[in-house]
Amino acid sequence: SQYSAVDTNPLSVYIMQPIWNKIIKIVPLWIAPNLLTFSGFGMILFNYFLISFYDWDYTASGTSPGLVPTWVWLFSAFTTFCAYALDSIDGKHARRTHSSTPLGELFDHGLDSWATSIFVLSFFSVCSRDNGKTGVSVYTMYIYLSIVLFNFMCSHWEKYNTGVLFLPWGYDISQVVLIAAYLLTSAVGVEVWQKPLLFGYYITDVLVILLIGFSLLLSFPQTLYNIHRAHLKKTLKNDSLYEGLLPLVSPLLLFVLLTAWVVLSPSNILAKQPRLFLWMVGVAFSNVTCKVIICQMSSTRPELFHWFLFPLALVVYAAISGLLGWLEEAVLAVLTALVTACVGRQLSEHLNIYIFSLKKRVQE
């Protein structure tokens, strides 16, 4: 299917696009677009592991001065900007080199579905988890991550129904906010997150309120409006309501199962292993979303239940019923490794062997 995307965000259209159009001129023509996509992803992944090294349990920024070196925050701002830039120019570069393929689009969106959670999980290290005085509770982190992932899902669900990817406004704004947050932290230290900003509210509170407001008042209504408009114009790809809602079943069940585990875990698994659990949430979500992206691109029907929901349901039942006992953390680690490997395999499977070169391109 022909790739069709619409970007109406003023920040993107008037400020960022002119910058990307200048940057793209520097990229040599022999570089494969997928290499740009992957390089950006590789940078944020490396940055995530770097932050994890200094701050495994999200407590390093809760002390003054913070335990994460200043250069790490500067590096985070740099990698976030590079990933943002590369993700914005890979499509332009593909058109420049006449190498746009559905595979490239799938690779781009597939990596985005994974990167979305990594951006959020890296950011949590800036504000630290709740230590009684400052910070964000691990439950807030879980809700925050779920909302961001839900927003990402919505734009692809919208494309599944309308055939057009309306680029969410939140994306450009969140990238700019992230870069600013890292720069601010490197300039004045983590203390800035530990002092109330306005009326006793902390910067983190303001960001959470903005995110929830953005999602519920802007992104989601916009999605429903675009689908409704397509319905009126009779351009909807799916006639029945059941077909239209089908891609949402697995992500919603995924959220229900994960939330049940978070709330009912006897050992309070999220508080014990926040980084591991939230990483698992991100990759599980990416697994489910990749399926929707593939269906949306190939105009096929998604299955009602994603395969991952079955092992997850078993693990969640075993955990909350107390069957796992002290093994809960170990089982979480195994499940996380399994689902991470699956995302990796899924992304590589849908790419031909010449993913990072322009040689012998698949003829459309």
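A Cβ is built for glycine as well, from the same backbone N, Cα and C atoms used for every other residue.
Heads up, TrEMBL stuff is auto-annotated, nobody curated it.
These figures come from a predicted structure and were not determined experimentally.
Under the heading transmembrane segment, TrEMBL lists 26-50, 70-86, 136-154, 166-187, 199-220, 241-264, 276-294, 306-324.
With respect to Cβ pairs under 8 Å, the transmembrane segment (241-264) is most closely packed against 306-324, considering the stretches 26-50, 70-86, 199-220, 276-294, 306-324.
Using the rule of three or more Cβ pairs under 8 Å, pairs at least 6 apart in sequence, the transmembrane segment (136-154) is in contact with the transmembrane segment (276-294). Against the transmembrane segment (166-187), the recorded stretches 26-50, 70-86, 199-220 differ in Cβ pairs under 8 Å, and the greatest number is found for 70-86.
With a cut-off of 8 Å between Cβ atoms, the residues of this chain six or more beyond the transmembrane segment (306-324) that come close are 250, 253-254, 257-258, 260-261, 264-266, 269, 284, 287-288, 291, 331-332, 335, 338-339, 342. The list of residues near the transmembrane segment (199-220) in space but at least 6 beyond its ends in sequence, with Cβ under 8 angstroms from a Cβ of it, reads 127, 134-136, 140, 144, 147-148, 150-151, 154-155, 168-170, 173, 177, 192-193. Panel annotation: around the transmembrane segment (26-50), residues 72, 75-76, 79-80, 82-87, 89-91, 93-94, 96-97, 99-100, 103-104, 107-108, 111, 114-115, 118-119, 121-122, 351, 354-358 of the same chain, lying at least six beyond its termini, place a Cβ under 8 Å from a Cβ of the stretch.
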